[in-house]
């Protein structure tokens, strides 16, 4: 075999399109088309109509370094089919294709220029420039940049592939944090882009080689059958109106009648909102005078405005609308209807995740995923629906003096939201990762139980992190927001970002009272400010975005943005090779990305009965992009070998209920630090995970530490195994050598009974502004320790009951 470092970026640079910057097609119902009638008119709109083409603003020097880095991480490797153990040409092509041959650096340049908002992006760009110079390369790479031949000093792009890989290995294990940050960033971005970028057929040639199907094959067939069926009905010209509406709901989604899109002239938006029953005032235009808060373009009146449509905002909106109040929901993300889902990792991150899925703490120690779409996190989460543990309810009641959590109301709220979501614990067939977790626990004698899910027993889908293809996973866009739409009392404004909560001085009192929300609309490049005037205002943007909105709105409570908890996660992996043996387990047809994402969990180190602070053991959803980001990189050959094992590599993780905390100023400016207890709990968890994987029958096991160590369980002694487990589970978790992840963020505007230590009271109302309520995970008094969907919905349900009492009093005046 031969490894090549050539950078053939021009050879096929046009053959791919990166998912996160690809042109997206959105099918949206024409404004007003569904109001009071059917939904036969559908408008197809592309992002090109509304957005300027994305540009790569990196200089030639920076791009030269970026190409060299990408081709160091993913070089061209000429492999004999006998060596790779496959006669499949796709495998040889996978090894042969470098990052630049696939056009990855160009896509990455656009991403760095247009998408990344991390506070250290400028430092990444400066490092690229430094590496293009011999002096900068000498400073960052040391003796590796020297040679005995003229010109003696070399820039990074002019080093041999072998030297470049040595340099990057040294960065990954460096004592200097900034070098580790640069390595992690370069590795993450290169691998994520390469394994999620798409060609014109919405395919990625590497997927076949690693055993990945791409989008759910059943989903592609489902859409094809739908549109063929629809075409045949049109040709027959016989279609009942009821069937048309049912068909629209099945494929377009149940919210299509309640959406108001804002990429239209303001007069059309105003007319549409009036059809929904909202009083709207249009301010006459004044030449060369732009709208502002004192003279907004539109003024919309309602009983309640809800900012955010996830597990908190969706519940409040549904409860209030069903009670007869006019409710307007503002959602920063777009609406991904069922027929609009791609179930492709790159486009989904761009369309349905906060900051396009590129979120991390300031020091890159924790990689963060958060939903940003209609339905919020409930639209893309992994369906685990666990009630608030009793020890947590007791702690919040006793230690934080919040009687709500041991009240009949809260118990009723948990039951109501679970019934609404159809939560149940049965499983017809278990997917690859969960089957491994369950078998390993049973072999080790560890406790293992079914995870309650908001999906039916036969819901065997590994793509739920990209939206639900058939609506069987009951997030808020399939439950509470449906109540809002069916009530006729509400509307949802997708792709609408609130810029400020409005408030004024209350008459006869020095206290402030909320009066609504301001947001911006944009049409044909012109931005205008609009105002929603409401009797109550509910903010439910999530623990990462709510603090920023409150601060922009002038709130001064020092607790806003503090006490952020992340449920830090660390993982281990086990490889289960295919085999012609009839005794193969898990079965050959089972792949790591298929099946229910979460159906099994273990509390072996959860410590529920003592401190309540331990670690849960569960399984993740890892499609090729995220899988490649987490797996260790030690060389181009090594990462390609690891990716070849992708479809039969199981992952299991330990999730800590963290006592440590952080601060969030905005979604792109997050600091966080674990306590020593948190680190020890994760170490205990990963030790159990390694044993679980081995007991389940894995051939190889390992963690995500940068050294990339792995152990062939079948060929080592008991003592060698014990030594490996002890060493890998004792690693330092705070030196950027092991990637930590977070899919749960909470506590940044916590609930309490003292304004000096909290942001809201136990009714969810802010201490600082009357009539302003928070209804998302930001109000959690501490970290929860389990998946938070049921807890946040239950708290939001209780908050909605308090809001109803306020609205009834206002109505009776």
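Placement of Cβ uses the backbone N, Cα and C atoms for every residue, glycine included.
These come from TrEMBL:
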type	residues	note
ACT_SITE	744	active site, proton acceptor
BINDING	302-317	FAD binding site
DOMAIN	349-569	domain 'Glucose-methanol-choline oxidoreductase N-terminal'
DOMAIN	669-796	domain 'Glucose-methanol-choline oxidoreductase C-terminal'
TRANSMEM	122-146	transmembrane segment
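Structure with TrEMBL features highlighted.
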residue	record	contacts (Cβ under 8 Å, 6+ apart)
302	FAD binding site	278, 326, 327, 328, 532, 533, 534
304	FAD binding site	316, 317, 320, 325, 326, 327, 328, 534, 535, 536, 537, 538, 803, 807
306	FAD binding site	313, 316, 317, 320, 327, 328, 329, 330, 538, 540, 775
308	FAD binding site	329, 330, 331, 332, 376, 539, 540, 541, 542, 545, 546, 775, 776
310	FAD binding site	371, 375, 376, 377, 378, 379, 476, 540, 542, 776
312	FAD binding site	376, 540, 775, 776, 777, 792, 793, 795, 796
314	FAD binding site	329, 375, 376, 378, 475, 476, 477, 479, 480, 481, 484
744	active site, proton acceptor	566, 567, 655, 777, 784, 787, 788
Item to check | Integer average pLDDT (0 to 100) for the domain 'Glucose-methanol-choline oxidoreductase N-terminal' (349-569) | outcome: 96
Item to check | Non-local residues, at least 6 beyond the ends, that sit with Cβ under 8 Å of the transmembrane segment (122-146) | outcome: 58-59, 61-62, 64-66, 68-69, 112, 116, 152-157, 159, 163, 166-167, 170, 178-179, 181-182, 185-186
